[in-house]
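What follows is a short report on a single structure.
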Amino acid sequence: GKNEYDLLVIGGGSGGLACAKEAAQFGRKVAVLDYVEPSPQGTTWGLGGTCVNVGCIPKKLMHQAALLGSALKDAQHYGWNIAQPAHHTWSVMAQAVQNYVKSLNWGHRVQLQDKKVKYFNMKGSFSDPHTVRGLTKAGKETIVTADNIVIATGGRPKYPTQVAGALEYGITSDDLFWLKESPGKTLPSFILYVSLECAGFLTGIGLDTTVMMRSIPLRGFDQQMASLVTEHMESYGTKFLKRCFPTKVGKLESNRLQVTWKNTDLGTEETDVFDTVMWAVGRAPDTKTLNLETVGVKTNSETGKIVVDASEATSVPHIYAIGDITEGRPELTPTAIAAGKLLAQRLFGHSSELMDYDNVPTTVFTPLEYGCVGLSEEAAVQCHGSDNVEVFHAYYKPLEFTVAERDATQCYMKMVCLRGREQRILGLHFIGPNAGEVIQGFALGIKCGATYPQLMKTVGIHPTCAEEVTKLHITKRSGLDATVTGC
């Protein structure tokens, strides 16, 4: 018989919702199936996926809380009379952030209703390539059939199960943003960027925070920039346990957590006591209930992610996958949204445009923000050879740091270019205030194939940090001092 829907999306996160809403614009019959499995600590949330509930949105708001704390210290230098030390109340911030997130959950439900997209709050699993069995929290079953099915269930944080007590006593980013009370003395362990971002805002609101990192910071990012980010965090007050890995977490009678770890440099075993231990060891694709094997959807056996082609199609006709659950794609909300919209346009709008995953800009919201677009210096050298790559760079001081006498040692930018006559820009990296805002603008130029000479013809806006990008003239190759002085 005829299938009930033209499109069924499994997963109500950024990519899934964008795909469903776009498909509905073409007058198609669309349904979204979304379900949040409680975290091991029992945390749950509403419609909207990771970004809205336990990712970008609450993280940026808590980062803003920390920036305001730094601004309060600066304010005295600018003539504001503010009693010091200023104290932060976690519960007030958390309540405000959580209320805003709940408003977004509600907004998503209203939008689906307005666009006549059917919403099922159910856990889905495949029965056959066109049929999904939905199960409510109470165990009530609904069978949904569709001509096309898009998997957009994203990922969930992993736990280091080899560490005794990790699951019983640790939390992840799934829990941190929904805590009602302050996490107190906190140990974010391992060094994914979410670990650094959380450590940054926890330090910024006055909490004793220690980051444990086994290897390099910000894997996959430019390593010179990653080192500057962590150097600034250390000067800002975040403690680091480098080349260490945890072996055991136990609960004391006081309810505090005793963590034991190995220091690989010294070959010693060390312990300390914390109020909260947060794991940031990567994310696993949320596929366990989907029953992918039954329908033959191919996954990468190492990562568990779904293998897709350039059109987001899986190994099974009419089944697609987008976002964090797909192999080899950036785990970023805007790419999932763009991919979801383009997929719906190809399915129902006579389009053939594919998602372009090159030159996607991104920002790490550490206390001193790091924004980038394009290739890292290492990737450029690996791709083109060191003789064919030119790196322009500068250490600069934001004007707003001067009166407040803030240390700007780590405020740095570099532009990675091809060395030929054209000098096409391969990558731009920026550490400093409002890095995301700075990089977003330059990302358009780089996407359009901007060259170094073109950038030099761009007039800067004075006095801004972004202006310094338009004045980059010292190359690493020259060995000259790259410190910007005066105007």
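Glycine is no exception: its Cβ is also placed from the backbone N, Cα and C atoms.
Taken from TrEMBL, the feature domain 'FAD/NAD(P)-binding' applies to 5-340.
Taken from TrEMBL, the feature disulfide bond applies to Cys51-Cys56.
Around Lys60 (FAD binding site), the C-beta neighbours below 8 angstroms that are at least 6 residues distant in the chain are Phe365. According to TrEMBL, the FAD binding site annotation covers Lys60, Gly124, Asp324.
When other Cβ atoms within 10 Å of the Cβ of Gly282 (NAD(+) binding site) are tallied across all protein chains shown, the result is 15. Under the heading NAD(+) binding site, TrEMBL lists Gly282.
Look at TrEMBL and you will find 360-471 tagged as domain 'Pyridine nucleotide-disulphide oxidoreductase dimerisation'.
Annotation comment: TrEMBL describes His462 as active site, proton acceptor.
Taking Cα separation as the measure, Cys51 (disulfide bond) is nearest to Asp324 of the recorded positions Gly124, Gly282, Asp324, His462.
For the pair formed by Gly282 (NAD(+) binding site) and His462 (active site, proton acceptor), distance between Cα atoms is given as 41 Å, rounded to the nearest Å. Here the Cβ of His462 (active site, proton acceptor) has 9 other Cβ atoms within 10 Å, regardless of which shown protein chain they belong to. Sorting the domain 'Pyridine nucleotide-disulphide oxidoreductase dimerisation' (360-471) by DSSP state (H, G, I as helix; E, B as strand; all else coil) yields 40 helix, 31 strand, 41 coil. Least crowded of the disulfide-bonded residues (Cys51, Cys56), judged by neighbouring Cβ atoms within 10 Å of its own Cβ: Cys56. On a Cα basis, Cys56 (disulfide bond) lies 25 Å away from Gly124 (FAD binding site). Cα of Asp324 (FAD binding site) to Cα of Cys56 (disulfide bond): a span of 14 Å.
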